[in-house]
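K.L.:
Sharing a structure here in C-alpha cells format.
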Amino acid sequence: MSLLSRPLSAPSALSAAAARCWALLDTEAAARRAAWLLPLLFGLLSLLLGQDDNWDLRNYHLYNPFALLNGKLNVDLAPGQWQSYFNPTLDLVYYGLLRALPAPLAGFAMGVLHGLNVLLVLAIARRLLPASGRRLPLLLALAGCMGCAFFSQLGNSMGDNLTALSVLGALALALRHWDTLARVNGRGLALALLAGLVMGAGTGLKLTNATYALALCAALLVLPGGWWRALARAFVFGVGVLSGIALTAGHWFWRMWLEFGNPLYPQFNDIFHAPLAAPLGIVDTHWLPQGWTEKLLWPVIFALHPERVTEIRMRLLLWPLLYVGFIVLAVAALRAWRRPRAAAAPAPLSPQARFLLAFFVLAYLGWQALFSIYRYLVPLELLAPLV
C-alpha cells in the first residue's frame, strides 16, 4: 500500500502548495506586496519584449523633444510629417530616459511606469467589489493588463499606457472619495477640481484623451444628489480639466498660435485657417466606421477585421463579448423600468457601478466617433474585466 501511495504524494504536495498560494492572495499582505512587485514585473516584461522600434518612434517621438530642446521649430519644416507639431512634452519622458540611461534600463523604467496602471485598476476594483474579498480585485487588475493594446505598448514610446495613468487616476480618486464627492460642499468641489486637474494633465499630454475627460465629466451627472449639485460638480471638474490641459500643453498651444496662427496646428485648420496647412479638421479619419450599420455593429466588425482599427494583427474577442453584455444589461434595465412597481425587482447596481458603466459607455462612443484607433482604448481595455 505504501508503494502504491507514493506516486500520489507529489501531486498532493503541489495541490497543497497551490491551495496555500491561493489563500495567500486573499490577504492584505498580498495586496501590499503587489503594490511593490507588479510594477517591477512589468518592467521585466518590457525587457523581455525587446527594443522599442515602432514607426512613430522613428518618425517623431524622438525628433519632437530633440527639436524642442534644440530650437529646431523654425529651422526644419515638418520632418516628421504633420506629427512634427504635436505637443512634445510627453515624449520628453522617453527621450530623457534614453539620453540618461542605457537602452535596457530605459525600457525597464518605462515598463515600471506603465505597470503603475495595474495598481490604479486594483484600487478601482477594490472600491467596486465586496470588501471581504481581496483576491478577485487583484486577479481582475492583472487580467486588464493582459489586453492587446496595453501589452503591445508595454515599455514603448506610444504614450497611451503612460497617459492612461491620468485617466485611471481621476477615476480612482473619484471612487476613493465617493461620499465627499457626492456632497458638493467645499471639500467635494475641491475633489472634483483635483480629479479634473489629473485628467486634464493627461489630456494636455495626449489630446486623444479628451474623450475620456468628456466621458468622466458627463458620468459625474449620474451621482446622487440632484441635478443642480450634479451640474456644479461637473462644471468644477471641467474647470479642473482645462487647468490641467493648460499646465501640460498651454506652453505648446501658445507657441503654435504665435508661429502658425493655430494652437492645434495643423489639425482643426478648418476653424483657424493657418496659411501653411490645408483647411481640414481631424486629419486621420480613415479608421472611422462608415455608415450606420458599421457604427451599430462596430465592436463585432473590428473584432472580425482588426485591420480596421489597428496596423498590428490582434485578436479582439473581448469587445463583442462586452457588446453582447451591454445589450443584455440594457434589455434587463428596460424590462425593469416597464415592470409594475409592485413586482419584485432585481437588486440595482450600486451608484459606483453605474458611474463606471456610464463612463465606460460614453468614453467608448466618443472614441468610436472621433478616432476608432484601437490603441487609444487602453484605459477601457484595462477596465474591461471589471465591467
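Note that Cβ sites are derived from N, Cα and C of the backbone, with glycine treated the same way.
Curation does not apply to TrEMBL; its annotations are automatic.
Keep in mind that this is a model prediction, so the values were computed, not measured.
Straight out of TrEMBL:
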| type | residues | note |
| --- | --- | --- |
| TRANSMEM | 33-50 | transmembrane segment |
| TRANSMEM | 102-124 | transmembrane segment |
| TRANSMEM | 136-155 | transmembrane segment |
| TRANSMEM | 161-176 | transmembrane segment |
| TRANSMEM | 188-205 | transmembrane segment |
| TRANSMEM | 211-228 | transmembrane segment |
| TRANSMEM | 235-254 | transmembrane segment |
| TRANSMEM | 316-334 | transmembrane segment |
| TRANSMEM | 355-377 | transmembrane segment |
K.L.:
Between the transmembrane segment (188-205) and the transmembrane segment (235-254), do 3 or more CB pairs sit under 8 angstroms, pairs being 6 or more residues apart?
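P.N.:
These two segments touch.
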K.L.:
Compare 102-124, 136-155, 211-228, 316-334, 355-377 by their Cβ pairs under 8 Å to the transmembrane segment (188-205) and return the stretch that comes out on top.
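P.N.:
Per the Cβ under 8 Å count, 211-228.
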K.L.:
Please indicate, using numbers and ranges, the residues of the same chain that are 6 or more beyond the transmembrane segment (355-377) and have a C-beta under 8 Å from a C-beta there.
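P.N.:
That would be 124, 128, 148-149, 152-153, 158, 160, 171, 174-175, 208, 210-212, 214-216, 218-220, 222-223, 282, 284, 287-289, 295, 298, 302, 306, 308-310, 314, 316, 326, 329, 349, 383, 386-387.
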K.L.:
Counting only residues 6 or more past its boundaries, what in the same chain has a CB within less than 8 Å of a CB in the transmembrane segment (102-124)?
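P.N.:
Answer is 31, 34-35, 38-47, 51-52, 93-94, 137-138, 140-142, 144-145, 150, 153-157, 161-162, 164-165, 168-169, 171-172, 175-176, 356, 382-383, 386.
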